Structures are given as C-alpha cells and as structure tokens.
Amino acid sequence: MKVSDLILGPVIALFGVLVMVAATLQPRPIFGSGYGGGFFPGFIGTGLLLAGLMLAWTGWRSRDTGPLLVMGAWARSPVHLANAATVIAALIVYILASGFLGFLITGAMVTFATLWQFTRQPVMSLAVTIVAVIVVKYIFQDLLLVPLPLGVLSPFAGILSWR
Amino acid sequence: MEVIGPALLSLMAPDVLLAVLLASMFGLFVGSVPGLTATMAVALLVPVTFFMAPLAAIAAIVSASAMAIFAGDIPGTLLRIPGTPASAAYTDAAHRLTKQGKAELVLGTCLVTSALGGLIGALVLIFGAPAIARVALNISAFEYFWFVCLGLTSAAFISPGSPLKGVISLLLGLFIATVGIFPVTGQPRFTFGRTELIGGVALVPALIGMFAVAEILRYAISTEPAAQRTTARIGNVFKGLIPALWPYKRSIGTGVIVGTGTGILPGAGADIAAWISYALARKFTREPKKFDEGSLEGIASAGAANNASVSSSYIPATVLGIPGDSMTAIVIGVLFMKGLTPGPTIFTAQPTLVYGIFLSFILANLLMLPLGYGAIKLSRYILDVRREILMPIIMLFCIVGAFAMDNTLTGVVVMLIFGVIGWFMEENGFPVAPALLGLVLGRLLEETFLTSMIIAQGNLLVFFSRPIAGTAGVITILVWLSPLAMMAWRRSRFTG
C-alpha cells in the first residue's frame with residue numbers, strides 16, 4: 001500500500017501542528033528553569049511540520065509520475081487479504097478474550113486460526129497448535145514464571161502448573 | 001585489564017554458557033530462514049532475556065545476533081535469497097559459485113571469514129572501548145547532547161531510502177519517547193489520562209511489533225511464490241579453504257577494517273558494512289574478470305565486514321550509550337531494563353560485566369565455527385521449514401513476549417499498533433531503525449538538552465563553547481545542512 005507523498009506530507013505536517021499545540025498546553029515548572037514538559041516536544045512538532053511540508057513539496061513535484069495510492073498485488077487477491085485480516089483479527093481477539101478465556105484457550109484459538117488460514121491443512125494445524133501452545137506455556141509460565149491468564153480454566157490451576 | 005580474569009570466570013558460569021549456546025542455535029535458525037532478520041531474532045529473544053541475569057542476557061543477545069548475521073549467508077548461497085539484509089550484498093556472487101558446484105567452498109568462506117571478522121572486531125572492542133571511555137569521562141551534557149544528535153542524525157541520513165523520510169521516522173520515534181511522566185515536573189505528558197501510559201510506551205512490545213509482527217504481516221500479504229527446495233549436498237566446508245582464501249587476505253583485511261569502522265559509526269549497521277566492503281573489493285581487485293564470473297574475493301571481504309561491524313557497534317553503545325544500529329539499540333534498552341546506564345562510567349561501575357559482554361563476542365565467534373558447521377550440515381532441513389507454519393508460531397511467541405514485560409495486555413496492544421505502523425512505514429519507504437533509535441534515545445536527548453539549556457541559561461552559543469562540543473555541534477549542523485547544499489549544487493550544475 002503505497003500512499004503518495006502528496007497525501008502523507010500534509011498528514012505529517014498536521015500531526016506536527018497537533019504536537020506543537022499539545023506542547024503549549026503542558027504546564028511550565030514553577031521553580032527553577034522555565035523549561036517545562038512542552039519545551040522539547042515543541043521542537044519535535046516544529047520538525048515534523050517542516051519535514052511534512054518538505055515531503056508534500058517532493059510529492060507535488062512528482063505528482064504527474066505517481067498516482068495518489070497504489071495498492072499491492074495482495075489487495076486484489078482474496079487469499080492474501082484474508083491472510084492479513086486473520087493475523088490482525090487474531091491479535092485483536094487475543095487482546096479482547098484472553099482475560100476471560102485464558103491463555104491456553106485463546107492462544108490455541110488464534111494460533112490454529114492463523115495456521116489453518118496459512119496452510120489450509122486442519123489436522124496438521126491442530127497438531128502444530130497443540131505442541132506450540134504447550135511449549136510456549138511451559139517456557140513462559142512454568143520456567144520464566146510469567147502469570148499468563150488462566151481465565152475460565154482457573155479452577156484447574158493446580159493441574160495446569162507444571163513447576 | 002586486570003578485570004579480564006574475573007570477567008572470564010563470570011562468562012564461564014553454567015547459566016551464561018547455556019544461555020549463549022541456546023541463543024546461538026536460535027540465532028542460526030532465525031538467520032537461515034529467509035524473511036526472518038537478525039533484528040527479529042534479537043527482538044524475539046528480549047522477553048526471555050528479561051528473566052536472566054544481566055551478563056547472561058546480553059551474552060545471549062550478542063551470540064544470537066552474530067550467529068544470525070552469519071546464518072543469513074546460508075540461504076543466500078543455496079537459494080539466492082539472503083537470510084538477513086546483511087547478506088544481500090554478495091548473494092548473487094555466492095549463488096553464482098554454487099551453480100558452478102562450489103557451494104561448500106562458499107559456505108566455508110562465509111563461516112570462516114564471519115568468525116574472523118567477528119573476532120577481530122571483538123579485539124578492537126576490548127582494547128578500543130576503554131580507551132575511548134577514558135576520554136569520554138571528561139565530557140559534559142553539552143558534548144553528550146551533540147553526540148546523541150550526531151548519532152540520531154546519521155541514523156536518519158544513512159538509512160536506506162530518502163533522508164527526509166529517515167528524519168520523519170526519527171522525529172516520530174522521539175515524539176513517542178516523550179509520552180509518559182515528565183521527570184522535571186512529575187506531571188504526565190501525552191498520556192490521554194491512561195494510567196498504562198504513565199511509564200511511557202513500553203520499548204520491548206514496540207520493537208516486537210516493529211520487527212516481528214510487521215514481518216508476519218508482510219509475509220501474510222506476500223504474493224511471491226514459495227522458495228524452491230535446495231538439492232545441494234554439502235560435504236566438509238573446511239576442505240581446501242585456506243589455499244583458496246590465502247590470495248584474498250588483503251581483501252579480507254580491508255573487509256575487517258571497513259566493517260569495524262562502519263560498526264562504530266552510529267546508524268550504519270552490518271548491511272551497509274557488507275555493501276561498502278563488497279564494492280571496495282570489486283574496485284581494487286587484481287582480477288576484475290574473475291571477480292564478475294564468480295570469485296570468493298568479494299564474498300570473503302563482505303562476509304568478514306558484516307560480522308566485524310556487529311562487534312564494533314558495541315563501542316558507541318557501551319561507551320556513550322549511543323546505538324549504532326537497531327540491534328545495539330535493543331541492547332541499550334535491555335541494559336536500561338537491568339538498571340544499568342551505558343556510558344563511560346559503566347567501565348568503572350561495572351567492569352566485570354562490561355568485559356564479560358566483550359568476551360562473550362570472542363566466545364560467540366569461536367562457537368560459530370562448530371555450530372555454524374552444524375547449521376550448514378542441517379541447512380537442507382532448516383531451509384525446508386515451511387514459513388506458513390513458522391509465522392503463526394512466531395505470532396504466539398510475540399503475544400506472550402509482549403505480555404511478559406509487565407504482565408498486562410497493554411503490551412500486546414502496543415505490539416499490534418507498532419506492528420501495523422512498522423509495516424505501513426516500510427511499505428512507504430520510511431526506514432524503521434531511526435524510529436527505534438529515537439524511541440530509545442529520546443529521553444536521554446531531552447534530559448541532556450534541558451540540562452544544557454539550564455547550565456547555559458538559555459544562551460544557545462554556550463552549546464559551542466567547549467572544544468569537543470563545538471566540533472561535534474558544527475559537524476552535526478553541517479550534516480543537517482548537507483541535503484540543502486547537495487540540492488543547490490545539483491541545481492547549479494543543472495542550470496550551469
């Protein structure tokens with residue numbers, strides 16, 4: 001997905017302006033120096049504004065040679081669109097559901113869904129998922145003591161701790 | 001130098017050795033799978049190193065990065081697909097020789113010159129870093145400010161693509177670094193009232209997003225056909241190697257020097273070292289015809305250069321706390337996480353640890369010979385690993401790794417957001433490394449800037465009043481102005 005500099009430049013410049021405005025809203029210290037939390041971000045905002053304008057200028061000069069938006073070959077291929085959607089959806093589902101369902105169930109769900117989408121082989125995907133989830137659970141939860149959420153499996157916490 | 005003994009002992013502790021061994025195997029695997037970069041290997045390793053002692057953690061990162069840079073040569077030689085960007089410079093040359101039936105010789109060359117480059121780079125690191133640190137002890141906030149500026153500027157300018165996009169990437173990284181508590185007033189800044197952001201944007205989830213999740217997304221939409229399977233049978237890669245390499249000792253030496261020099265420069269990493277040394281070997285070769293038809297000369301030179309640069313990039317990272325590339329930026333992040341501040345004082349405060357880290361380069365590059373030999377032997381199987389199976393497993397590791405940093409789902413959210421941003425940036429020609437450097441160094445830059453401004457009482461001229469600071473400041477400003485000068489020069493040539 002290639003967006004023309006003619007669009008990206010103004011977006012970055014606008015973001016720079018937003019940063020500058022947000023910087024001016026920062027309180028200044030009462031004692032000592034006059035340099036508050038907005039001093040340094042003010043420079044960054046100015047930099048982004050200038051760089052964005054320069055990018056827009058380069059985009060304007062090459063406006064005849066490139067279109068405003070070029071989608072890659074994947075955008076016309078349903079399989080590749082579904083691939084990308086599966087990865088992003090898997091991460092969002094994990095964020096939303098892992099607290100309730102726990103790592104074992106949500107982790108297995110998202111890994112299986114992605115494997116199935118990528119390989120189209122359900123049995124192999126299931127086998128790989130089971131091994132992967134158990135290995136990750138053992139390394140992180142039992143060896144490194146990361147408190148991965150148990151969720152609905154909390155009543156079985158005793159059986160599920162292997163240390 | 002009297003700390004070398006204790007440092008060696010601490011490196012020989014069983015837990016450190018085990019971490020080095022496992023990380024080496026991990027690095028070799030990730031490096032040899034096309035599409036998985038050395039930076040990704042390091043990014044995936046960080047959540048695990050979080051739970052280790054400082055020396056074991058950094059030694060593991062050192063080993064994984066050195067091994068991954070070498071292992072990138074294996075698919076480059078056998079399949080003509082560089083495993084990591086650092087191998088791209090000589091992939092064509094290496095594959096040309098493979099087609100002539102010389103795969104063993106090429107892989108042997110890559111392995112031995114990588115180890116040699118890494119070892120010499122490590123020696124420069126061990127003897128050079130403390131000397132530079134002694135000078136660096138005298139520097140004040142002004143010098144520090146300019147050094148950080150110079151480091152960040154060269155990172156933005158040297159990175160692939162247009163310097164303007166590098167600068168924008170850097171500024172975005174610096175902006176993200178300002179999120180969180182502002183230490184002077186203790187007030188939250190740009191946190192939108194979210195308590196999760198008070199500590200700032202978590203570095204590790206951000207880098208897992210930028211270097212691993214973005215890669216998974218790129219794979220998901222990649223319409224390129226799967227790589228062909230390798231059929232080459234690999235025998236003893238060391239057979240007849242020394243007589244074959246001996247005529248090219250001068251090129252290998254140049255490669256080591258170029259690699260070590262490039263590594264010290266902020267912003268230029270292993271891939272740039274390989275490109276420069278390959279181009280130099282091509283320019284100064286005594287047999288230009290043979291060089292183009294297929295010769296080990298360029299491969300030997302660039303193979304030594306990329307690993308030498310991995311070692312020497314730790315000089316600015318440990319002495320000044322300024323990373324040379326994304327991998328050392330991650331190492332600096334890990335040092336901060338372990339409560340250690342890189343800088344000249346680290347040599348007096350933590351000498352055993354620093355020399356332990358330096359010696360781990362020697363260990364890793366010596367281990368590279370047997371382990372790399374094993375990886376070459378197993379390459380038929382490693383290269384046949386299906387990426388459509390590997391990517392979802394990596395995704396699971398990413399999720400848990402991002403979560404493990406502070407045991408909240410915020411890490412996973414940050415990872416997802418940075419994954420999408422990283423993917424979009426790369427698609428549109430914005431290099432990601434400057435953003436990472438900005439994110440790691442933003443706080444330090446702001447701190448030294450404010451300290452300097454307070455000392456100078458707002459007088460910007462004081463920034464140039466000390467000799468070293470003045471020189472560094474002038475160089476930085478000249479670099480800033482260089483695109484304008486280039487533009488004016490081009491225009492005058494065009495019209496004149």
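Cβ from N, Cα, C; glycine included.
Just so you know, TrEMBL annotations are computer predictions that nobody has curated.
Here's what TrEMBL has on this protein:
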TRANSMEM  A:6-25  transmembrane segment
DOMAIN    A:8-149  domain 'DUF1468'
TRANSMEM  A:37-60  transmembrane segment
TRANSMEM  A:80-110  transmembrane segment
TRANSMEM  A:122-140  transmembrane segment
TRANSMEM  A:146-162  transmembrane segment
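Through the fold, the transmembrane segment (A:6-25) approaches residues 37-39, 41-42, 44-60, 63, 68-69 of its own chain, all at least 6 residues removed from its boundaries and within a Cβ separation under 8 Å.
At the 8 Å Cβ cutoff, the transmembrane segment (A:146-162) and the transmembrane segment (A:37-60) share fewer than 3 close pairs (sequence separation 6 or more) and do not count as touching.
Under 8 Å from some Cβ of the transmembrane segment (A:80-110) lie the Cβ atoms of residues 73-74, 117-118, 129-130, 133, 136-137, 141, 148-154, 160, all in the same chain and six or more residues away from its ends.
Helix first, then strand, then coil: DSSP counts for the domain 'DUF1468' (A:8-149) stand at 108 helix, 2 strand, 32 coil. Taken as a whole, the domain 'DUF1468' (A:8-149) shows an average pLDDT of 91 in this prediction.
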